[in-house]
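Swiss-Prot annotations:
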DOMAIN    3-146  domain 'Clp R'
REGION    6-71  region 'Repeat 1'
REGION    83-146  region 'Repeat 2'
REGION    159-340  region 'NBD1'
BINDING   G206, E207, P208, G209, V210, G211, K212, T213  ATP 1 binding site
REGION    341-549  region 'Linker'
COILED    391-525  coiled coil
REGION    559-766  region 'NBD2'
BINDING   G609, P610, T611, G612, V613, G614, K615, T616  ATP 2 binding site
REGION    767-859  region 'C-terminal'
Amino acid sequence: MNIDKYTVKASEAVQEASSLAQRDDHSQVESEHLLYVLLEQEDGIVPPLVEKIGVSPESLLDDLDKMLDRKPRVTGQSAQTYISPLLAKVFANAEGYADKLKDEYVSTEHLLLALSESKDETGELLRSRGINLKNLLSALKEIRGNNRVTSENPESTFRSLEKFCRDLTQLAKNEKIDPVIGRDEEIRRVMQVLSRRTKNNPVLIGEPGVGKTAIVEGLARRIVSGDVPDSLKGKRLLSLDLGALVAGAKFRGEFEERLKAVISEVQKSEGRVILFIDELHTLVGAGASEGSMDASNLLKPALARGELRAIGATTLNEYRKYIEKDAALERRFQQVYCPEPTVEDTIAILRGLQEKYEVHHGVRIRDEALIAAAVLSNRYITNRFLPDKAIDLVDEAASRLKMEIESQPVELDQVERKILQLNIEKVSIGKENDTASKERLLKLEEELAELSSKRNAMQAQWQNEKARINESRKYKEELEQLRIEETKYSREGNLNKAAELKYGKIPELEKKIAAVTAELEKKAGQQGQLLREEVCEEDIARIVSMWTGIPVAKMLASEMQKFLQLEKVLQARVVGQDEAVRVVSDAIRRNKAGLSDMNRPLGSFLCIGPTGVGKTELARTLADFLFNDEKALTRIDMSEYMEKHSVSRLIGAPPGYVGYDEGGQLTEAVRRRPYSVILFDEIEKAHQDVFNVFLQILDDGRLTDGQGRVVDFKNTIIIMTSNIGSEYILTAKDMGSIKEEINQILRDNFRPEFLNRIDEILTFNRLEKEHIRKIVDIQLRSVAERLQARRLGLKVSDKAKDFLADIGYDPMFGARPLKRAIQAELENKLAREVLEGKFPEGSTILVDKGENSLIFKKG
């Protein structure tokens, strides 16, 4: 016995057989031990060989267990194990079978052949089960084909298509593939390329998520249904799993050996197998190390000769980066471009998938939800592609609703929390003996009894509603299964069975589903319903909100009424600038009504006026109103961009420069938060070249950063502020009279192409004394909110407010001196008195005017 001539699996089997004998205290390693370990080997050829003959490996193992239990045991330190003479003969015969089959190494199948001819109990067991030499050789030919054992690890080359590929046609037969809607043109083009004589290898290229893999799955469904040209009828479409090919390839050359075995099997199938290679770019460089060939070079000869038909799929970027660089590989594939479907096509795709998702999640999906998914994803999720992002929206919204159905309703949860709270209170009061406590205890018990009754009723209702929804889900799952069976019987030509299902069981089940659905719809309109089982437009909008940060309510038509009140909201914080507020409100309303250009930002405004009149406050208020968050304001101080080279800080450094990987301050802010108000403060201080960046943003709503990525500005509001012309505004008696001077100053300072792209130029008036008086109220409200945190109230008299307005009024500096006046006259003095303990928690501070200062009293 020359162990060097044994394959890895065969030598492992010999060692494991010896270990098994030692473990069981047997003095000899016999054929039973060897057969036992051969049947238990992972990825070995023996279990599939036995199964091919029609014998279960598990039943053989049970019989071997009984045989091993009957063997005599030898214990003690001197006990050693030896190979029995009969097993030695098995090894000799195995070497003989390896020579007969012209194999270079003794493999596990040769050991099994020798065991089947053995003259002991093991041989008798195998022969009694039909595992004889003739049957084994026949099964071996089917599994091994014409492959010979020429390496120490031959198992990786046997049945390689089954090991390293997924059979898409089989999955389509079993209805495990989602229906493919549309894409007929691309599928026809793929079939056209596949039917060529040579270089019949299409490669699907397109953006991620447009449905490249779905096109191949659609082809698999067509092959199964016979809706293909004669040259493709009856073909098998197999998806190559490159990860499985690489995984576990420990030794040098093992990966290449596996891939060659796959190519060889495809070639031997004589055109019956079409290979689908998803993520085609992963072939380039796969398996290459220290001069060995990579996977793409192994495939090239077979692809060029037309012996191997392959369909590739990869994204545009990866095709350019990997495939185009290898011209020899590129010319062997014919490009089939897959464009992103339109919103209308996406809605059709979603309608086709609707039933699959309804069955999976056990909820109903309304048509309005599908339309909302396509429209909202296209409008708001700009960094991904249709239909993938729309399908994900529907899937997640349905998943969220399913979770709500399966978990306890909020109303019931609130009642249970209240009961728990009252029970704690009851235990606490039960320890007291006074009359008031006893009365409170009686009231508590009454309230607890009432709440317990309410909880029981709600629990019963919840279980009832849940049971109805689960019943509907069960019926839908049954219906899908029956439809799969009907398709299968029709394909097999068993028309009696197909007709029985089509005209009997399926209509009967559809009636049951319709009855349950009608009942659920009837109850859905009633008050007090605890569970919903329909995904609607609002659910989709909520998921979009989670993904993007845009407030859900702002996207729904029911909330559009709020935009009619936009002026009031802005005027509450931006005082004395009614014209500017009106212009901004009109621009926002135009956009929300869908009347503005969707390829430009929501609005772009140049605000000019003196300092402290509300230009920046307008931006903050807009961010708060539109996005419910003042932090949605991205502020960029243009005084930092006074040099020519500072443009790269906005959009990111070009390749080869320091900071290339970091991205730009503006582009990164918008990529991370696409829905924001962008404030460019004091733009007149920026270098002229910086304005070239603005042209693209204002006109097309997009900007390309230093890394070549397109950043979308279509959902941003751009506000630029400038102090240009302040001297005219401060001295003017009438704003109309200085309009021409201001326009001239703007033309002198900014290029015409920049001014021409701005939606509106807003001139902010200087603030008068009555405006400052209104701002006093706003500022004092902020002080009162801060005091509330210390449980202190604040009441300020009108005289005190007038006093603050008088000392805080300076037309040259706007509202900022007022803030300083409030800080000096009110906050500083009040802080001292609060710290001295004059105003304990829960008290109210009354502020009035003294002679030349404010006075504070306890209210």
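Just so you know, glycine gets a Cβ as well, placed from its N, Cα and C.
Comparing the Cα of T213 (ATP 1 binding site) with the Cα of every entry in T611, G612, G614, T616, these being the binding-site residues, the smallest distance points to T616. Across 6-71, 83-146, 767-859, the stretch most heavily in contact with the region 'NBD1' (159-340), judged by Cβ pairs under 8 Å, is 83-146. For P208 (ATP 1 binding site), the spatially nearest entry among the binding-site residues P610, G612, K615, T616 is T616, judged by CA separation. The Cβ centroid of G609, P610, T611, G612, V613, G614, K615, T616 marks the ATP 2 site; residues of that chain outside this set whose Cβ lies within 8 Å of it are C607, T721, F764, G814, A815, given in sequence order. Averaged over the region 'C-terminal' (767-859), the predicted model has a pLDDT of 80. DSSP places the residues of the region 'C-terminal' (767-859) in helix, strand and coil in these numbers: 50 helix, 17 strand, 26 coil. Ranking the binding-site residues T213, T611, T616 by how many Cβ atoms sit within 10 Å of each one's Cβ puts T616 at the top. Within 10 Å of the C-beta of G211 (ATP 1 binding site) there are 27 other C-beta atoms, taking all protein chains into account.
A 10 Å cutoff on Cβ-Cβ distances gives P208 (ATP 1 binding site) a total of 13 other Cβ atoms nearby, all chains included. Look at the binding-site residues G612, G614 and count other Cβ atoms within 10 Å of each Cβ; G612 has the fewest. Put simply, V613 (ATP 2 binding site) is 49 Å from V210 (ATP 1 binding site) when counted between their Cα atoms. Residue density at P610 (ATP 2 binding site): 21 other Cβ atoms are found within 10 A of its Cβ, drawing on all protein chains shown. According to DSSP, the secondary structure content of the region 'Repeat 2' (83-146) in residues is 45 helix, 2 strand, 17 coil. With respect to Cβ neighbours within 10 Å, the binding-site residues G206, G209, G609 differ, and G209 shows the lowest count.
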